[in-house]
Amino acid sequence: MLSKDKNALKGQVYLLQIFYWMSFCAISGFATVFLLSKNVANSQIGIIIATGSLLSVFAQFITGILIDKYPRFTLKKTMMLFFGLGTIIAIGVLLLANSAFWMALLYCLLIVLLFNVQPLVTAIIYDYANQGANVSFSFSRGLGSMMYATFSFFMGMWLEKHSTIWIPILSALLMAILFLIMLTLPEIQEGTDSAAILDEPASLKTLHHKYPSFLYFFIGITLIFSFHTIINVYLPQIVTHVGGGNKEIGFAIALAAFCEIPTMFGFKKLESKFNVLVLLRISAIFFFVKALIYLVAPSFIVIQGGQLLQAVSFALITPAYAHYINEWMAPQDRVKGQTFMMAGITLGNVIGSLAGGWFLDHGGVSPLLIFGTGLTLIGMFILLGSLKNQEEVLYPS
């Protein structure tokens with residue numbers, strides 16, 4: 001059991017989530033704003049973000065192996081290492097902001113560290129809860145979304161009047177704060193479930209043979225999240241296309257993040273009233289509706305309507321697919337299933353980042369949104385098809 005005061009520990013764990021998602025907003029949410037200000041081309045921005053996303057998958061697997069094989073390489077020490085490196089790299093981005101190659105390389109590494117630490121944040125919170133700490137992951141994640149929204153709103157207003165050099169400055173500061181939070185947290189006792197959370201997956205082919213519709217579900221998720229990435233990464237260009245600026249970009253990011261909060265807090269109630277398959281279908285359909293809104297939006301006001309649908313698209317599908325995998329698959333396959341879902345989302349990040357940058361450079365915002373809408377339409381039909389006739393196997397004994 002943990003010897004630290006449980007109320008104090010709860011506060012620190014919640015601060016961990018809050019400052020992590022604030023740093024995620026600064027580094028990932030405003031990546032395009034910063035890189036564009038340094039005259040990085042759209043296609044190059046896509047390569048930087050896609051490379052960072054792809055490398056983070058391998059980094060997660062390597063991190064899991066190291067934690068599993070070397071007991072001294074604890075979860076706390078690993079996270080301290082990553083937050084420390086993140087601080088140094090963000091300072092490097094700041095100092096080398098006028099050197100295109102080194103700035104881009106360091107920013108890519110910063111994205112790798114940011115994405116790599118995300119499952120570790122989840123793992124350590126579950127470990128503290130398993131050891132008796134009075135902490136709730138869903139509540140802490142809701143706080144993270146709330147602060148992401150608040151931070152993005154004020155950051156957008158700040159950047160409207162100040163230099164984008166504040167992005168790496170705030171990124172370094174937030175990473176340093178996270179390092180200090182981890183420094184004060186107690187070590188996790190051996191025998192927890194973090195290794196299971198970070199377990200190395202089996203092959204997709206193996207899961208497909210055991211669960212024939214899984215591959216189609218995986219493809220559907222990948223295509224839908226390709227569109228989600230296009231909107232997230234290239235939102236500045238989309239907002240600028242309809243006459244907005246940094247202030248409007250920050251507001252749009254904040255609006256979507258605020259809309260996530262009630263859905264995430266209330267997902268248990270939603271799941272108790274509706275079958276999780278219904279929730280997945282609703283989210284897939286609203287992803288397509290959201291894509292259509294962006295495609296035809298003539299003004300920033302209409303773009304805000306698309307951002308409002310975050311509540312019934314991204315905020316709904318994220319807990320729904322995790323719950324679906326957990327209930328559909330046998331206990332020994334659940335970690336593999338969840339891991340492949342993360343891989344599908346990351347693949348979507350890569351597709352959206354690379355293809356989005358190419359379309360922007362060679363056609364502009366309109367062809368980009370046509371492409372994104374097409375991906376979403378195909379992904380929606382594949383995902384809906386993968387869920388057919390699943391009711392009888394949803395809750396295995």
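Yeah, the Cβs are placed from backbone N, Cα and C, and that goes for glycine too.
The domain 'Major facilitator superfamily (MFS) profile' annotation in TrEMBL covers 213-397. Residues or ranges marked as transmembrane segment by TrEMBL: 12-37, 43-67, 79-98, 104-126, 138-159, 165-185, 214-237, 249-267, 274-296, 308-326, 338-360, 366-387.
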Q: Report, as numbers and ranges, every residue of the chain located at least six residues beyond the transmembrane segment (138-159) whose Cβ falls under 8 Å of a Cβ in that stretch; write 'none' if there are none.
A: 13-14, 16-22, 24-26, 29-30, 33, 125, 166-167, 170, 246-251, 253-258, 260-261, 264-265, 267-268, 319
Q) Between the transmembrane segment (43-67) and the transmembrane segment (338-360), do 3 or more CB pairs sit under 8 angstroms, pairs being 6 or more residues apart? A) yes
Q: Answer yes if the transmembrane segment (274-296) and the transmembrane segment (249-267) have at least three CB pairs under 8 Å among residue pairs 6 or more apart in sequence, and no otherwise.
A: no
**Q.** Same-chain residues near the transmembrane segment (214-237), Cβ under 8 Å, at least 6 residues beyond its ends
**A.** 28-29, 31-33, 36, 42, 45-46, 49, 204, 207-208, 246, 249, 252-253, 284, 287, 290-291, 294, 306, 313-314, 317, 321, 337, 340-341, 344-345, 347-349, 351-353, 355-357, 360, 365, 368-369, 371-373, 375-376, 378-387
Q | Chain residues in Cβ proximity to the transmembrane segment (308-326) (below 8 Å; excluding those fewer than six residues from its ends, i.e. six or more beyond) | A | 138, 221, 224, 228, 255-257, 259-264, 267, 270-271, 276-277, 279-280, 282-284, 286-287, 289-290, 293, 334, 337-338, 341, 394
(Q) Please identify the stretch among 12-37, 43-67, 79-98, 104-126 with the greatest number of Cβ pairs below 8 Å relative to the transmembrane segment (249-267). (A) 12-37
Q.
Restricting to CB pairs under 8 Å, which listed stretch, 12-37, 43-67, 104-126, 165-185, is in contact most with the transmembrane segment (79-98)?
A. 165-185
